[in-house]
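**Student:** As listed in TrEMBL for this protein:
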DOMAIN    18-85  domain 'Histone-binding protein RBBP4-like N-terminal'
REPEAT    171-213  repeat 'WD'
REPEAT    221-263  repeat 'WD'
REPEAT    267-303  repeat 'WD'
REPEAT    311-353  repeat 'WD'
REPEAT    368-402  repeat 'WD'
Amino acid sequence: MASKEMFEDTVEERVINEEYKIWKKNTPFLYDLVMTHALQWPSLTVQWLPEVTKPEGKDYALHWLVLGTHTSDEQNHLVVARVHINDDAQFDASHCDSEKGEFGGFGSVTGKIECEIKINHEGEVNRARYMPQNPHIIATKTPSSDVLVFDYTKHPAKPDPSGECNPDLRLRGHQKEGYGLSWNSNLSGHLLSASDDHTVCLWDINAGPKEGKIVDAKAIFTGHSAVVEDVAWHLLHESLFGSVADDQKLMIWDTRSNTTSKPSHLVDAHTAEVNCLSFNPYSEFILATGSADKTVALWDLRNLKLKLHTFESHKDEIFQVHWSPHNETILASSGTDRRLNVWDLSKIGEEQSAEDAEDGPPELLFIHGGHTAKISDFSWNPNEPWVICSVSEDNIMQIWQMAENIYNDEESDVTTPELEGQGS
């Protein structure tokens, strides 16, 4: 039995390597920017910070990322990294490092991505998210039931060698660990967290700690009957949020309600666990969910009985879904199949040739095939349209931007060759 599994693993590894070679060969045609960086440890989380600075007289801008570590029994850290992105990162063959597969106006990424701040963390960082009203404040999910809050300006850039973790606040209320984490963009300091204990906790960090650094949950929402995978505040209504769980349900909650045990809306959203959700930043009614059933579903809050659309192309569980911060109709999803798919709602229902249909439905705009392991998280850059950072379980972080002719398809047939050789 073991030898059969080993054989299958070897075959899969070979297939992944072949797919990666094809992807790398096609990179100059598919991307305006690709930076591949091997992290010391895998990061389960990634998020661009909103700040960007342009050093005077330089042809690049500085961006920052929030990362975490997932070590093998070594000290873990919350990490803030600095990234140089060239002003005109158009692909230039003379700057191609074919060995490393790094493209986009420069060859090697050495010195382009630097760890700026490392803060000791209790166990791996399951997820880290900054507070929109003050991006210096970062909340993290840990392998324990505590949610930690750090103001990274109050910590030394180099961590205490003793390994002691000193969060600025410790948020209590859960019984188990989890992944979902969401700050309210309309109410400063209001944080939601999803947990394996079947609950969602809400804290108001403005209330301050009762004793020491501990803040107890303001409310605990108990509607789900299984692991709550993700939670998200509505981006335009300060009292609304959504949660999704292994009970296959999407729940919409209103914090003004008198009950924390029943949501205001409940939907049987998928035929398997629901792993993630994202509210559209431009439309107050539209949201998306991603599932272990390999689909992304599109919903309208005005009529949740009816699924607006199902996006199908992923070959395995979907764990992340995020709307573009710059385009109302653009959505991306990723997961276990090592692919990050970018979707365009405006193309739903467009006519396709039989050849194009083989690559996927018309709304599948792009497949990022650069990862050779499960994608753990990704983030849209808020300052550079179409730039995404994605991290995978094999320590690899990629910062990339698809070629402009793919999303600016004045001639609709331009995108056809772009999708070739991307493992779709």
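Cβ coordinates come from backbone N, Cα and C, glycine included.
Bear in mind that TrEMBL entries carry predicted annotations, made automatically and left uncurated.
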**Student:** Do you know the DSSP helix, strand and coil residue counts for the repeat 'WD' (171-213)?
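**Tutor:** Helix, strand, coil within the repeat 'WD' (171-213): 3 helix, 16 strand, 24 coil.
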**Student:** By DSSP, how many residues in the repeat 'WD' (221-263) are helix, how many strand, and how many coil?
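**Tutor:** Once the DSSP states are binned, the repeat 'WD' (221-263) shows 0 helix, 19 strand, 24 coil.
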**Student:** Counting by DSSP, what is the helix, strand and coil composition of the repeat 'WD' (311-353)?
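**Tutor:** For the repeat 'WD' (311-353), the helix, strand and coil counts are 3 helix, 19 strand, 21 coil.
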